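Worksheet: the structure to be examined is printed underneath.
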Amino acid sequence: MAGRMPPRMACLVLLSRPPQLTLHATTRSTRRKPTACSSTRRTFATTPSCWSQSIAPKVVRGEPKLFSSADEAVADLKSGSTVLSAGFGLCGVAETLIQAIARRGAQDLHSLTAVSNNAGIAKVGGLALLADAGQLSRLILSFLGSNKTLEKNYLTGKVAIELCPQGTIAERIRAGGAGIPAFYTPTGVATLLQEGNIPVRLSSDGKEVIEHGKKREVREFKGRKYLMEEAITGDVAILRAWKVDEAGNCIFRYTTKAFGPIMAKAATMTIVEAEEIVPVGSIDPNDVDLPGIFVDRIVPATADKHIEIKKLRNLDNNIPEKAESPEIAQRNRIAKRAAKELKKGFYVNLGVGIPTLAPSYLPKGHTVWIQSENGILGMGPYPTEEEVDADIINAGKETVTLVPGASTFDSSESFGMIRGGHVDVSILGALQVAANGDLANYMIPGKVFKGMGGAMDLVSNPNNTKIVVATSHVAKDGTSKIVQKCNLPLTGAKCVVTLLPRSFQELQRPCVFEVDREKGELTLTELAPGVDVDGIRAKTDAEFAVAPTLKRISMERATPCKSPPDEKLEDAASAPTFFEYEASAEVRRILLKTDIRILPILALLFLCSFFDRTNVGNAKIFGLENDTGITDHQYDIGLAVFYLFYVCSELPSNLVLKKASPRVWLPFLAVLWGIITMCLGFISSYGSFVAVRALLGVAEGGLLPGMVLYLSAFYKRSDLALRIGLFYTAASLSGAFGGLLARGLVEIGPRGGLEGWRWIFIIEGLLTVVCGIIAAVGLPNSLATATFLTPAERELAQGRILQDKPSQGDNTNSESESLKWSEVLRGITDISMWLSALAYFAILAGLYSFGLFLPTIIEDSGFTTNANRVQLWSVIPYAVATVFTVLIAFLSDRLKLRGVVMLFTLPFAIVGYAVIANVSNAQVEYGMTFLMATGMYASVPCVLVWNSNNSAGHYKRATTSAMQLAVANCGGILFNVLWCHKVNRDKANGKYDRYAGYNDDRDPNFMFVL
């Protein structure tokens, strides 16, 4: 594996089979019982090794190689022997032979030196069983693994552990088998390995180093430095093969050949445990992985196979069994950017953790060949339960599959690909990265050291293999991982080319650094929306330049792999799920929290806005015109002036919203129009009436477009219609009872020299001021500052918005987008904006006429002539419309359609209007009001969010939202000036004169805000 810190031990999965049956379902093999000759008694002697005196059992040529049991095969193994133990993790480990060695006990067999990829897992399998038995005195490993006994023995000086890069161990063994005493390798240059500073043996108290590592000789070839490494040989090699004939020819399945063939060649005696033993001639020569010349003894494999980390993928519609956590979402964003480094046809090595996620975000048909250093080229995704094969694992010891065209080979060949520069890209994690490209990713002094795995080999040829680091920007203790100079032990010097960190813990979004390894300079080249350069500098200990053209990282949604549920020996924390699942409980909780915090406040502000806009109708009923000397014509002009200034203020207000911040601007508007509303209680003439109404239009004009724009910063496009429908219908339903409030307030006067109608303005205006203050305290400015969410929830919520609208970032608070008048012009000239504005204009026309005629219809129906009862009858159509508005908005979000849904709802209104215009039956007319209200009101949320959904860029979206409402609200001017004077003035007056106490639904002004 590639030098990552190991996950912690969790659970064990055994592929148990009866001893005489095939051990794994996918082997499709049966074991042949040993022949009688395998029980022949033998005479043993020692024979020399390649370059030193060997104490291996004597090999007598010509004698049968079959032994009846593993106990017999290891009976003459001597204390002090060097044992080469094949396998990778728990895959391909000779468990039968290891158990037989352990059964001999420490008194009979001890002081063994073991060479392996890793030490196995305590009480489970591998060399850990010999450590538990006290038989090991020295280990040569690349990775210690999860082994408490070995850790304790090492820290108390009982066991010496020589840690060496995985590729170097493989090459040292291969050299030993080929009779080569030493070789030079670029792996480990400028690391602790070069100077021999990795402790091999400690004192009994663990405080002193008794034995240091061996200092390597350094030589330079063609301007590059290389370390000399000595070959490794052994007295005995123990390995497991799938099929072996009686001549010793072996076939290894898939990744079990990682160390088997090379160890067999480097030992004086090789003992193979076979899952299936066949007669000579049963194996095709083309299939032989290890010729019989290297095999001396053969025993049946009777021990169970183990799967160290069983990872599965879910085929059920890509839906994971567990919802994605914010931490996993953060990792996935880095992986998505890392995927862009993988060009079509590339050969790629991926480290453990974040790097393994990158292929999940490759476009369909974009093929890369994934190399795993344990001997795979063409690694596929995690398997299904039916595809699990204990003999196919990756460098992280997880179960995987192979893609068509894949190949498997031993570790020396695998690392030859890497050191030789045949791999195009290698993506790793990191503990530290320096400005000059130095990488530290395997050891923190003072903490338990597990080993470097294959990481040093992976970065050994940066001139031919691009090294990309994907990691978090800061460590868990808050220190930066991007430093001017590494103070942790190096994995490789000047090797990193591209660095992909999450920007920082508070706002986990990626950025990209490019490294000039020769100049030792770091340059910021890409930045995610919502992240600024100053924020990056604050969390970076290295000096860096900023590219002249700083690219923005696209955050569009990707289509990742299926989520793998975990069944494994080690901790799930290091094995993330692959994608965000929108139906997760966590996402629903975030939406609910946001709804509860934001929507009631917006509904309250909207309720106040139409109270303050339409209370003039109630004031007229209670004597406004008589007390101020205003005529009906002047009154209508005052209403029209309101809409004129309302329309003119919408666009400027939306442009100011971003700079002023929504938490300040929206409450400020509410407090302002509340004060202006109170001023209406003190008017005394036509001039003051028109002036105050004009100011009220200026103040209120920015509310609705501002709220639509504000909500788009908190919700995905597919969530927006329902939220607008909720606050919009809540206000409209409450508005039906506005007349009762007005009737109660008018009873205050005359007091203090003020008539009762004046108190309507004063009290309702004062209530609006209070609501504005509440909004200033309760409204969050943006998702990044939403204190009602946890940091993890804020991160996930921001990620959803970024994925949904990649050009947006933080709609209202980001400094990454400045005001450009070209964006405003682009919004004004957008043909889709004008079409939706005209559609909304037509909808408002229907709403105005509905509000105008509803009182007359109720009166003509004969249900009642009492004003209060008429008001109650008028509530019913609004209530039905409210329910359907919410349902239609929900349906629109689920279908992610706006215009099509409107085409479904509006025909109901058309039918209602057509019938009511051609019948004289009052009951039928009243029934049609339900169709009219439902069809018109249910269309409003869809038409309001249409532009926001289709406008990219804050200022264009601000422009289109405001312009849409401005064009539509021009109907307020036309219907007040033209309808009331030219069409049917009697019915309009009847709204105020005949139904005292009836409020918003009798005034065309009220119908507009619904």
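One is the number of the first residue shown, and numbering goes on along the chain from there.
Including glycine, each Cβ sits where the backbone N, Cα and C put it.
The feature domain 'Major facilitator superfamily (MFS) profile' is assigned by TrEMBL to 598-1010. The transmembrane segment feature in TrEMBL is assigned to 637-657, 664-684, 690-713, 725-745, 757-779, 834-858, 870-892, 899-920, 926-946.
Using the rule of three or more Cβ pairs under 8 Å, pairs at least 6 apart in sequence, the transmembrane segment (637-657) is not in contact with the transmembrane segment (757-779). Here the transmembrane segment (870-892) touches the transmembrane segment (926-946). Their Cβ atoms form 3 or more pairs under 8 Å, with each pair 6 or more residues apart. Long-range neighbours of the transmembrane segment (926-946) within the same chain, counting only residues 6 or more positions beyond its ends whose Cβ lies under 8 Å from a Cβ of the stretch, are 708, 717, 720-722, 724-725, 728-729, 732, 832, 836, 839-840, 843, 846-847, 850, 854, 857-858, 861, 863, 873, 876-878, 880-882, 884-885, 887-889, 892, 898-899, 901-902, 905-913, 915-916, 964-965, 1010. The listed stretches are 664-684, 757-779, 899-920; of these, 664-684 has the most Cβ pairs under 8 Å to the transmembrane segment (690-713). On the 0 to 100 pLDDT scale, the model's mean across the domain 'Major facilitator superfamily (MFS) profile' (598-1010) is 73.
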